[in-house]
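Lifted from Swiss-Prot, the feature list:
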type	residues	note
BINDING	22, 79, 119, 452	(6S)-5-formyl-5,6,7,8-tetrahydrofolate binding site
DOMAIN	215-375	domain 'TrmE-type G'
BINDING	225, 244, 246, 249	K(+) binding site
BINDING	225-230, 244-250, 269-272, 333-336	GTP binding site
BINDING	229, 250	Mg(2+) binding site
């Protein structure tokens, strides 16, 4: 493990009331002696001048020193809390970097040090970035629960259960004359089914956490003048898009970030789909299809005042081009003009909603539908946040536990059961970082802020 001493600004770049520089590593006390002219007592606040190499005072503020291992990173840590002007922060940072053995921290390197020194596991370290980036109160509460170890504790309980079961199975393998009796006595199967049930519950909670963290990408598509931009404005609660009676008004992609009962949604309005001759409009339509192909759900907007035969043709042509794995919802807009009732129905396996973006009648049905389609459940207490890699690891663990159950109940193959349990344990342990590649660590921590 690197024993470098690193420094970075811990507060956001720019002007502020307070600016903080963080130093972590074996030379932290030496930095204090050279910049402050004083050896600091651990965990005691000192109000001191911060000096340049020639003794000129650069700033004055509070200095805090934490002796390893009793710090965030597990290393010696010095924090200098001064005035938040960026020039002042830059001068102080430049001064510290003049000291031999000090270098600028990489993005996320403080959190990486904390992980490598067993102050945080990997899921907790990721929760720091998630807490900073939280886009809603519920997401922030859930990220804090992950940081406090709620997600990690659930994973560790699963890992401990798998290890216990592996020990039992491998003990049976060591006594081949009695192996079948051990495997067939029902205890292993009972324990394995209990683990699978617990994992299913954690998977469901993790899915909710992933929705809270990443949101749902919803693309509004359809022919010109169907009311796509009006629906975007209604969902956004503001005039985000220009709305006119002129077909093709929207020529580029418009994005809005909204929340429905705490669930983040990325709503994307696109250019009307038609055979365009205008070059600018053609570019907009190509961009529309690019967004459609990356969506979590498509809202195909139809003008319910038009002839039904024409609408059926529009829908069939769109579905013929739509990638089959992308969920589709049909929205029959302008119900206030066509006289249709504002309802949510199902036709040929597709959700069909009649509404009026102009009067907003039926729009709440759409909001509820979007929540239900993602399996989102409102939780007033908040759960924990999860990432896509967590969901993938949980899914792989489930696959191998299920495979182990088959090897147990159908073939009584003790060695194969043990191997499936080992692989499941490995995938679960990847979440907290017990088994993690250096490449994965690099990808995770490089996405952090410099000072975290």
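Every residue, even glycine, has its Cβ placed from backbone N, Cα and C.
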- Query: Out of 22, 228, which of the binding-site residues has the smallest number of neighbouring Cβ atoms within 10 Å?
  - Reply: 22
- Item | Mean of the pLDDT scores, which run from 0 to 100, over the domain 'TrmE-type G' (215-375) | 92
- Rounded to the nearest angstrom, how far is the Cα of residue 452 ((6S)-5-formyl-5,6,7,8-tetrahydrofolate binding site) from the Cα of residue 229 (Mg(2+) binding site)? 40
- Item | When distances run from the Cα of residue 225 (K(+) binding site) to each of the binding-site residues 22, 79, 119, 271, 452, the nearest one | 271
- Top of the binding-site residues 334, 452 by count of other CB atoms within 10 A is 334
- With neighbours defined as other CB atoms within 10 A, the best-packed of the binding-site residues 79, 119, 271 is 271
- In terms of DSSP three-state secondary structure, what is the assignment for residue 229 (Mg(2+) binding site)? helix
- Item | Pairwise CA distance, residue 452 ((6S)-5-formyl-5,6,7,8-tetrahydrofolate binding site) versus residue 271 (GTP binding site), rounded so that it is a whole Å | 40
